[in-house]
Amino acid sequence: MEVRPKESWNHADFVHCEDTESVPGKPSVNADEEVGGPQICRVCGDKATGYHFNVMTCEGCKGFFRRAMKRNARLRCPFRKGACEITRKTRRQCQACRLRKCLESGMKKEMIMSDEAVEERRALIKRKKSERTGTQPLGVQGLTEEQRMMIRELMDAQMKTFDTTFSHFKNFRLPGVLSSGCELPESLQAPSREEAAKWSQVRKDLCSLKVSLQLRGEDGSVWNYKPPADSGGKEIFSLLPHMADMSTYMFKGIISFAKVISYFRDLPIEDQISLLKGAAFELCQLRFNTVFNAETGTWECGRLSYCLEDTAGGFQQLLLEPMLKFHYMLKKLQLHEEEYVLMQAISLFSPDRPGVLQHRVVDQLQEQFAITLKSYIECNRPQPAHRFLFLKIMAMLTELRSINAQHTQRLLRIQDIHPFATPLMQELFGITGS
């Protein structure tokens with residue numbers, strides 16, 4: 001079959017054979033459906049599938065042209081100095097002449113869509129196809145009524161128990177010079193080898209977590225606390241009472257949050273206690289992330305601001321301190337409030353916490369919250385950029401679980417040297433003695 005000259009093309013040919021990538025909004029049509037029978041590729045003579053980048057071509061030449069243009073390849077003819085005949089059999093032998101033939105045929109680089117645009121285009125076509133067939137996936141149809149009620153209950157619990165302005169956090173201790181009553185134990189003034197080893201580990205724990213604090217008064221005054229440069233003695237404990245007060249305030253909110261949730265109240269009291277003991281720290285960090293400013297590396301808790309001091313220098317600190325890295329990575333996901341509360345629920349209802357009796361019930365509840373989170377993401381974030389968001393969130397929860405274990409060990413070591421935990425902290429973390 002001969003190739004029709006360009007002058008013989010009519011308007012109908014162009015309208016009905018446009019390529020998906022070349023003209024947004026109009027699907028490509030198979031060349032066999034054209035009036036007049038099958039068409040051939042203007043580049044190599046193979047069977048054409050439609051208009052691609054302004055020219056009737058086969059799928060092979062379409063893909064070749066896209067790849068060559070995206071690579072900005074500089075091709076040279078190894079045979080006849082740019083005069084190779086391009087056919088179906090020879091098209092793979094000389095890329096330079098094949099590209100020349102594509103351009104001479106009228107294929108246009110500017111009609112190539114970006115990878116992101118192609119993904120969005122495919123998603124749109126898939127969505128429209130689903131609408132026509134009436135077989136939409138759950139995420140597109142929307143959440144079930146049960147899932148919507150579940151999210152509403154969690155959001156209501158969050159609103160009732162978490163004040164992001166921290167206006168009720170008033171009765172707290174501020175760091176200062178420790179009184180004589182807080183001197184180091186006599187055993188550490190002349191420590192044994194065992195006590196010296198404990199002291200060394202505690203210093204390591206605290207020195208890696210130097211926290212600066214800023215308090216803004218209602219009259220506009222500002223009070224700053226900076227950790228001492230040389231933490232060789234008792235001054236490294238100066239901020240512990242304040243941090244214990246803040247932690248206790250947050251833990252009380254977490255307990256109230258859990259008690260508002262009907263699924264939690266339906267569990268035996270023994271399981272409620274076990275779940276709270278295991279998840280309190282994790283839920284606390286998820287709430288802290290909502291007030292974390294990634295640009296300044298600061299937790300903005302109303303009039304109080306906390307910042308981890310950079311003891312390692314530059315970006316290294318981000319790698320050395322898992323807690324800080326976690327907050328940066330989670331904040332980068334730009335989660336909705338609904339996604340935060342669902343994360344809290346998934347963390348709270350973990351069936352493998354020590355002491356949990358009704359493993360199966362708790363496991364089913366956790367699965368329901370996880371499925372609801374996945375459905376919420378599919379419904380509210382259809383863009384291709386968010387297709388892995390659910391997996392990223394679940395990975396962050398796994399990382400938080402690991403940080404929780406490290407935090408508990410660190411807290412117990414510090415408590416052993418310098419008791420500072422409040423009664424509620426002692427109860428949650430299983431601290432039996434002072």
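Please read every residue number as a count from 1 along the shown chain.
Yeah, the Cβs are placed from backbone N, Cα and C, and that goes for glycine too.
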Swiss-Prot annotation of zinc finger - which of the ranges 77-102, 103-128, 285-310 it falls on: 77-102
Zinc finger per Swiss-Prot - which of 41-61, 251-271, 356-376: 41-61
Segment assigned the feature motif 'Bipartite nuclear localization signal' in Swiss-Prot (from 66-92, 174-200): 66-92
Remaining residues near the recorded hyperforin site, that is with C-beta within 8 Å of the centroid of the site residues SER247, GLN285, LEU286, ARG287, PHE288, HIS407: MET250, PHE281, GLU282, LEU283, CYS284, ASN289
Structural state census, the zinc finger (77-102) (DSSP three-state): 8 helix, 0 strand, 18 coil
Neighbour count (Cβ, 10 Å) for ARG287 (hyperforin binding site): 20
